[in-house]
């Protein structure tokens, strides 16, 4: 008798995706982040659902409802902090996952990569609208500053901003619609993640060498299920350490002050995971130019497959490209640091240099290094 998991219409899908899936035998721990992202997403949806049961999306009560969750709801404080720090964990996993894809040439799977870029945009949008919900000072001013960027669009800009606001400033209508977006977007992310996986399973996983591994596949279960469980335990450990020992480490103290349209915080800045893009935005002394640079800093990922000039897929055997990759990582860390600093003398120029280097590395230096490596290999 054939096993039910191979015949039942629903179980067959699960079986083909997580049990009998042929997987390369040599994928490293960098391949763990996909499953960790799935775990983060489920965790965020569940904690978010429980928070939504007690939250009120209204300018007069939003801030108080967060206080109510933390003080009066059973274990509300841990749900709230798991959700807030879970977002940070989500982005850590996301950036590691993308870095892995860039390093090992996963962008060769173009559909999977493109869905991934769309997923990144959706996750960033979700995190942004979610940050507005507590209705603290940084929530309010962050929403004002970022939505205002759309006014840089010629001709329709101002109309567009007021349409998004639902009025002439960030107010009740804005908060209500942002809550609606924040509720629906994670389910869109979930659907996109399934499509992402669907396209990945059409081709099979890449591996560190970048060489086809059809002749050396092993079943996903038990080998990688156990490996994923280890990764999940480490992620949960890190999240619990952060949530229970330093819940406000990554947050902004300004957000513990209720939103006040009459008082601007000294330094308006987004959460840490957006600081690199914020630094690029600020480094251009022109509104439209800054907005375009900001958009392009993320959208550039969609062009990575076209910028791949090497005859090899992975960077595993390409020392020049490896050096430039780690230079890009260092550059992004520099941009993240600059994004959190005030707009003053040393920071401005460092941010401008780092922004130029970011685009230069991706658009010029890495493709040229790949061509040089091809020549050295006499290809």
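Here, residue 1 is simply the first one shown, and the rest follow in order.
Each residue, glycine too, has its Cβ placed from N, Cα and C.
What you see is a predicted model, and the numbers here were worked out from it, not measured in a lab.
Listed features, source Swiss-Prot:
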type	residues	note
TRANSMEM	33-53	transmembrane segment
TRANSMEM	77-98	transmembrane segment
BINDING	83, 182	heme b b562 binding site
BINDING	97, 196	heme b b566 binding site
TRANSMEM	113-133	transmembrane segment
TRANSMEM	178-198	transmembrane segment
BINDING	201	ubiquinone binding site
TRANSMEM	226-246	transmembrane segment
TRANSMEM	288-308	transmembrane segment
TRANSMEM	320-340	transmembrane segment
TRANSMEM	347-367	transmembrane segment
- Message: Highest Cβ count within 10 Å among the binding-site residues 196, 201: which residue is it?
- Response: 196
- Item | Cβ contacts of residue 97 (heme b b566 binding site) (under 8 Å, same chain, 6 or more positions away) | 33, 34, 37
- Note on the structure: Mapped onto three states, the DSSP assignment of the residue listed as 'ubiquinone binding site' reads helix
- Message: Give me the count of other Cβ atoms within 10 A of the Cβ belonging to residue 182 (heme b b562 binding site).
- Response: 22
- Message: At a 10 Å cut-off from the C-beta of residue 83 (heme b b562 binding site), count the other C-beta atoms across all protein chains.
- Response: 21
- Between the transmembrane segment (226-246) and the stretches 33-53, 178-198, 288-308, 320-340, work out which stretch tops the count of Cβ pairs under 8 Å. 33-53
- Residues of the parent chain within Cβ reach of the transmembrane segment (33-53), under 8 Å, 6 or more residues beyond its termini: 69, 79-80, 82-83, 86-87, 89-90, 93-94, 96-97, 100, 182-183, 186-187, 189-190, 193, 228, 231-232, 235
- In the same chain, who gets a Cβ under 8 Å from the transmembrane segment (288-308) while lying at least 6 residues past its ends? 98, 102, 105, 107-108, 110, 113-114, 117, 120-121, 124, 149-150, 152-154, 276-278, 280-282, 355, 358-359, 362-363, 366-367, 370
- Item | Beyond the flanks of the transmembrane segment (178-198) by at least 6 residues, Cβ under 8 Å | 17, 37-38, 41, 44-45, 48, 52, 55, 57, 112, 115-116, 118-119, 122-123, 125-126, 129-130, 132-133, 143
- Task: State the non-local partners of the transmembrane segment (113-133) in its own chain: residues 6+ outside its ends, Cβ under 8 Å from one of its Cβ atoms.
- Result: 55, 57, 62, 87, 90-91, 94, 98, 101, 106-107, 139-140, 142-143, 146, 174-175, 178-179, 181-182, 185-186, 188-189, 192-193, 195-196, 199, 270-271, 273-274, 298-299, 301-302, 304-305
- Query: If one measures from the C-alpha of residue 196 (heme b b566 binding site) to the C-alpha of residue 83 (heme b b562 binding site), what distance in angstrom results, rounded to a whole number?
  - Reply: 24
- Whole-number Å value for how far residue 201 (ubiquinone binding site) lies from residue 83 (heme b b562 binding site) (Cα to Cα): 30
